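Student: Take a look at what TrEMBL says about it:
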- Cys13, Cys103, Cys196: [4Fe-4S] cluster binding site (BINDING)
- His41, His81, His131, Thr166, Ser224, Asn226, Ser270: (2E)-4-hydroxy-3-methylbut-2-enyl diphosphate binding site (BINDING)
- His41, His81, His131, Ser224, Asn226, Ser270: dimethylallyl diphosphate binding site (BINDING)
- His41, His81, His131, Ser224, Asn226, Ser270: isopentenyl diphosphate binding site (BINDING)
- Glu133: active site, proton donor (ACT_SITE)
Amino acid sequence: MAKIYLVKPYGFCSGLKRAFTLIKDCEKKYSQIYLLGELLHNPIVIKELKNKGVKIIGERRISLLDNLPEKEKVVLIIRTHGIPKEILKKIESFGINIINTTCNYIKKICTIVENLKKEDYWVVIIGDSGHPEVKTIKSFAEGKSLIYKENLKLSKHVRIGVVSQTTLDETTYYQALNNIITNFQFNELRIFNTLCPEVITRQKEVRKIAKKVDLMIIIGGKNSANTKRLKEIAEREECETFWISDWKEMEDLKTFAKKFDKIGIASGTSTPEEFVDLVIKNLKKEVTEDEI
């Protein structure tokens, strides 16, 4: 029988706990609740929100909100990743209620970027250009930003400020910084460490536990950046991984886990604590639990 090592903390991060508190308040006050994009990258939670009557609307369809009757009964929830500055401005002109659940760490980055732009710096963003968080951050530079690439060419006369996506892993982040400092041309460089401390804590714990287990179970949405990072970190430690995002995968997980003596369990910041507990409960039928 195997032992289980649970990576702590687990469950929602503080930003998502705040977001769900705000959503519960909305359920009491408004008859029509719209969510601009997915609140978080977790299919289980998104399904639960839809079952409660929350309607998800994409950025291309936001003009529909301007034509809704009884706007005082309508609320639009802005996702935790934030939205581009120009889209927020457009929504504000509709006259509907808006609840902004943008993560406070991301809000802080947007303020940094806005100030850098005002001071005539170019902003270099280390992160995934397609991620909604990065799109939000980029919008506050208003054209004076670049997404980091290893061979990015800059003028030696330019002043640059560096920020990053909050969910990067430290290894990737510091490799990028080292490359910028060593190989980029610039007149002045300012670096802002904008990694999320809650994400980093989980990453460090995964790295530590992955060194002593045979299998690391990663729990979270397959489109979640921070969950993907946990899997990558475990694999760098040459640890076998199994990524579960939905209850339908539980039987496959139990069968797979039987092969291992020491099992670690980690979850992304957008994974509900209740789902992690359910996975552990069902896994205990196959293994003996010893949580650290």
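Note: Cβ is positioned from N, Cα and C throughout, glycine not excepted.
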Student: Could you check which of the binding-site residues (His41, His81, His131, Ser270) sits closest to Cys103 ([4Fe-4S] cluster binding site), going Cα to Cα?
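Tutor: Checking each of His41, His81, His131, Ser270 against Cys103 ([4Fe-4S] cluster binding site), the shortest Cα distance is to His81.
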Student: Using Cα-Cα distances with a 10 Å cut-off, which of the binding-site residues Cys13, His41, Ser224, Asn226 are near Glu133 (active site, proton donor)?
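Tutor: Of everything listed, nothing lies within 10 Å of Glu133 (active site, proton donor) (Cα to Cα).
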Student: When you look at His41, His81, His131, Ser224, Asn226, Ser270, which the record names as binding isopentenyl diphosphate, what is the longest CA to CA distance in angstrom?
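Tutor: Largest Cα to Cα distance for the isopentenyl diphosphate-binding set is 15 Å.
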Student: Including all protein chains displayed, how many Cβ atoms other than that of His131 ((2E)-4-hydroxy-3-methylbut-2-enyl diphosphate binding site) lie within 10 Å of its Cβ?
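Tutor: 17, counting other Cβ atoms within 10 Å of His131 ((2E)-4-hydroxy-3-methylbut-2-enyl diphosphate binding site).
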Student: C-alpha of Cys13 ([4Fe-4S] cluster binding site) to C-alpha of Ser224 ((2E)-4-hydroxy-3-methylbut-2-enyl diphosphate binding site): distance in Å?
Tutor: 13
Student: Which residues, in sequence order, are found in the same chain with Cβ within 8 Å of the centroid defined by the Cβ atoms of His41, His81, His131, Ser224, Asn226, Ser270 at the isopentenyl diphosphate site, excluding those residues themselves?
Tutor: Leu40, Glu133, Thr167, Gly221, Asn223, Ala225, Thr227, Gly268, Thr269
